[in-house]
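J.: Handing you this structure, nothing more for now.
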Amino acid sequence: MSKKTLLNSKDIEIILHRLACQLIENHNDFSNTVLIGLQPRGSFLAKRLADLLKTTYHVEGLQLGLLDITFYRDDFRRRDAPLAATATEMDFIIEGKNVVIIDDVLYSGRSVRAALTAMQAYGRPDNIELLVLIDRRFSRHLPIQPNYRGRQVDAINKEKVLVTWAETHKKDAVYIELK
Amino acid sequence: MSELSVEHLLGIKYLKSTDIDLIFRTADHFKEVINRPIKKVPSLRDITIANLFFENSTRTKLSFELAEKRLSADVINFSAGQSSVKKGETLIDTVNNILAMKVDIVVMRHASVGAGVFLSKHVDAKIINAGDGTHEHPTQALLDSYSIREKLGSVKGKKIVIVGDILHSRVALSNIFALQLQGAEVKVCGPTTLIPKYISSLGVQVETNLKKALEWCDVANVLRVQNERMDIKYFPSTREYTQLFGINQEILDNLDKKIVIMHPGPINRGVEITSDVADSNQSIILNQVENGVAVRMAVIYLLAQQVKR
């Protein structure tokens, strides 16, 4: 299996700052905005962005939730391996809020569709945006596009985009693997 | 591991401790789901479940039905009292007729020991035993262990006494299997006439003195006196039973520790447990009911993963 580095830790750091600044431009003080990271992998990106917004850009009162979408997926009983759920940590409702869904890679769009369904259990938001680190163009199964993207990639279907984070893999990086 | 090692939930004795861990981990997620403003997930929207209750039930049937509906399954209910069973139809014929309606999972309560095992060998559906005679009631044992784990942090190493009518209880046997599988020490306490002779072969000690049993334990799981299953008199009077094996606040106050009180319900208030104990902060009876829905959601969800498309 061949592996090519798409983004190194420096690239990711620059992208995180750019995404944070774009969020500030559109949401200003975040008093009516919540960030929701999709478990498990999107939560790393969401936590990093939230941390950056708080410490570097001094955003106050930022609300971050982590949402598990396992029970809302449309591939239950279609996969070879059973789906294992992860924890949902949402201690707020999103009624009337501006929601930013955060995930690491946007591929088929099915995870985001599941997230949109799952979020209905927490209220009716005013609007929902999507932020992803990697947007795999030309691979969508559903009409879903990101509002904020770190990098757009034209990977072919045999290729897999792998995001590693320092928290779990000791290194921030994005690779393209040939399956 | 994210898959059960069994195809049906027929009894705790067929499970491994890793199965129980998986069920509890999954139940943790469902407990979070059922505390949301909208308590429903769409996971089982293409699954049909039949609840076949050949014996009376209130809380188990409601708990299963709620669990199924919160997973978005289609549910059909069957009660023997208003069915063709009264006309002499056999169990297999009844179930096969129901399965012809494309049912994927059967939840069954039956008065005969082994009815679930029998069914699992003859029909092509996942079977969940919701109580078979005086044999097993696995989901009750799972929710009991889950409630102990929630209250005390772990089941391992804990001392649990099961008090009351052990002889006629399916909850007792399943609980003994489940608790021992998770590393707990189990004793039973009750009138000798209501304790089966084989119980010591399961590694369970018998204590006929309630006070000593309560002094020993961390948790007392109090069972209902099952008068409807008693064909002879097992103790002289209800009053005597209550004096010897009934738990009241005075007994609990005289212990040098705060033990946890459980009861699978329905309670004969004032017989096996007094109202003030049932409603006290030592009691986790209502937690058991809440956890029952989450645990049953977990069991159904995990078995549904194995249903072929």
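Note that Cβ sites are derived from N, Cα and C of the backbone, with glycine treated the same way.
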J.: So TrEMBL lists B:R59, B:T60, B:H137, B:Q140, B:G265, B:P266 for carbamoyl phosphate; which of B:R25, B:R109, B:R309 goes with them?
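T.: Matched candidate out of B:R25, B:R109, B:R309, per TrEMBL for carbamoyl phosphate with B:R59, B:T60, B:H137, B:Q140, B:G265, B:P266: B:R109.
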J.: If proximity means a C-beta under 8 angstroms from chain A, which of B:Q140, B:R170, B:G265, B:P266 count? These are the binding-site residues.
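T.: Of B:Q140, B:R170, B:G265, B:P266, none lie near chain A.
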J.: In the same chain, which residues outside the set B:R59, B:T60, B:R109, B:H137, B:Q140, B:G265, B:P266 have their CB within 8 A of the centroid of the CB atoms that define the carbamoyl phosphate site?
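T.: Residues close to the carbamoyl phosphate site, other than B:R59, B:T60, B:R109, B:H137, B:Q140, B:G265, B:P266: B:S57, B:T58, B:S63, B:A130, B:G131, B:V171, B:P264.
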J.: Give the number of CB atoms, excluding that of B:R170 (L-aspartate binding site) itself, located within 10 Å of its CB.
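T.: The Cβ of B:R170 (L-aspartate binding site) has 24 Cβ neighbours within 10 Å.
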J.: Around the Cβ of B:Q140 (carbamoyl phosphate binding site), how many other Cβ atoms lie within 10 Å? Please give the count over every shown protein chain.
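T.: Counting Cβ neighbours of B:Q140 (carbamoyl phosphate binding site) within 10 Å gives 27.
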J.: Of the binding-site residues B:R59, B:T60, B:R109, B:H137, B:P266, which sits closest to B:R170 (L-aspartate binding site) by Cα distance?
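T.: Nearest by Cα distance to B:R170 (L-aspartate binding site): B:H137.
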J.: Using DSSP, tally how many residues of the domain 'Aspartate/ornithine carbamoyltransferase Asp/Orn-binding' (B:156-302) sit in helix, strand and coil.
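T.: The composition, in the requested order, is 66 helix, 24 strand, 57 coil.
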